[in-house]
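Listed in Swiss-Prot:
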type: BINDING; residues: D248, V249, G250, D251; note: ATP binding site
Amino acid sequence: MSNNKETPEHLQAQNIIVIHPGSLYLRMGRASDVNPCRLLHAIGRRRKPGGRAYRDRVLSVPIAKPKESLSEFEECRLQVSHTLQSCVQSDGRRRYATPPQQISAFNRRSGAETVQASRVDWKDDLPGDKVFGEEVLWLNPAGEFNVHYPIRRGELNLHKDVGGSMSGVMCDLQDIWEYVLRHRLRIDLKQLKQYKAVLVISDIYNRAHLKELTSLLLNKIGFGCCFLVQDHVSATFGAGLGYACVVDVGDQKTSISCVEDGISHPNTRVRLPYGGADITQTFHWMLQKCSFPYKECDQSRPQDAFLLKQLKEDICHVNLDVCGAQEKTFAVHQPQQEKRRFTLQIGDEAIVAPLGLFHTELLSVTGVNKSTPMTQKPSRAQPHPEDCFDAEYLRETGRRGKENLEQTANESGMANAENADEDMVVEGLEQDREGKVNEKDFILPGGQMIGIDQAVLQSIERCPNDELKRKMYGCILVVGGGMKFTGISNWLQNRVALKIPLMYRSEHNIVTSSKDIDAEITAWKGAAIMSCLESAAELWLTEAEWTRYGLRILREKAVFMW
């Protein structure tokens, strides 16, 4: 009996590297791997003598909370709490809640218990000028290292401070990715010409950024060839679905689009600038309101930020059968301090915080509730001087061609019948064929951003025909690591089901993790599957093609509408 690991397909998959970069984590692995390597998507760089200090934070800086925001937050929190109290458990009994005063009194009495453990120190004595992975979290804030996260809120982290230029961000990405290739995947970088790369990109993309990323893979890191695939398209492959309304909740953004037969419809795409990290900060705010026993917790410290993230993942849920106060223990081990254990009591705050995805007033702690959503810019709004087939180039050359043609016709005295055709071409290009998607459609009166359930409805309503809308209402795929709360998929299903137009109602189903794949790696797994298909042979873009043709070849070979 032959060994499956020796088949040509498996050998080919071993030479394909699938890269899924996120705002918090990077997932990278061979297409033949069951699971990818997961690494903190950050880098520590030793400052040059006299250089400016700069550190990206794990959690965004909380905004100064004016009275209006606090009252808005508190009003929404009370409204959600009353809604939960009016719900019933699965056995038909009414839910009950422990009074907040009782929970606060317990937490105020809860003291720290010292635990015997080995001492933890700052990692200031690391060799070299670069630090990767979890060690970045243990760099002394007063030390010699700057900390950079190259992706924030799903976009390249471009800013005007240290390391915020395009070249700086590309250098960070190159160093992090090459570190994983060398030290996690054990690949000799000199042999990379024998390897292919698949890069999972955001469903809403910037064409100039894609050019830089393709150059990074082929020219700088040195892969033999590559192709790019949108995360929502690869998620449907990973879940084994031919179509779905994909809801991807990451650490710092939530993106939604409708995918059918490997195509993400541009008009249905929207990215909301909130995710799991915003839920973490909302949860911390609620913990403070009920006398969180770890009083010196500071979101700006990486260790405390990850502690809060872990508490959110361990405690938060949307299980209506869990009522009253729950006791949880957690440990705190700061550098150069003793390890301490705390006991925490918490009530419905564990449910209210995740529901911030539906009631964005609860996210006012970070200010994202008043941010502007992002939709896909049409190609005419993203002209590039190297792309001789984009709308801007054709518009300009078409106009010049028309002027030259008119001049020739006038000189010869001939009636130019071709001018009518030329006019049609130019005017057709000047129209926005992709339709207009207004970001304001995702903002409620008063500037409040809509919740995830309303965003799903808005996205599906932008589908081009009724049949596609009906299919999307029947298949909503939830992926990403920011919405992994028990029971939240049922909550989303119920919220959406109440608002589905009668003509589209059918058997309603939300797929959370099809084929037993973790929602966090569904998109990565789908890209790995795509790369091994026979049809993928036409997608690969070689370094020679890229160097010769540039953006033209990406336009021709891209698996998405350029």
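Cβ from N, Cα, C; glycine included.
Features as recorded by Swiss-Prot, highlighted on the structure.
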{"residue": "D248", "record": "ATP binding site", "contacts (Cβ under 8 Å, 6+ apart)": "D203, D231, H232, A235, T254, S255, I256, V479, G480, A523"}
{"residue": "V249", "record": "ATP binding site", "contacts (Cβ under 8 Å, 6+ apart)": "G275, G276, L357, I452, V478, V479, G480, G481, G482, M483"}
{"residue": "G250", "record": "ATP binding site", "contacts (Cβ under 8 Å, 6+ apart)": "G22, S23, L24, G154, G275, G276, G480, G481, G482"}
{"residue": "D251", "record": "ATP binding site", "contacts (Cβ under 8 Å, 6+ apart)": "G22, S23, L24, Y25, G275, G276, A277, G481, G482"}
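In the three-state DSSP scheme, G250 (ATP binding site) falls into the coil class. Close to the recorded ATP site, the chain also has G22, Q252, K253, T254, S255, G275, G276, G480, G481, G482, M483: residues not among D248, V249, G250, D251 whose Cβ is within 8 Å of the site's Cβ mean position.
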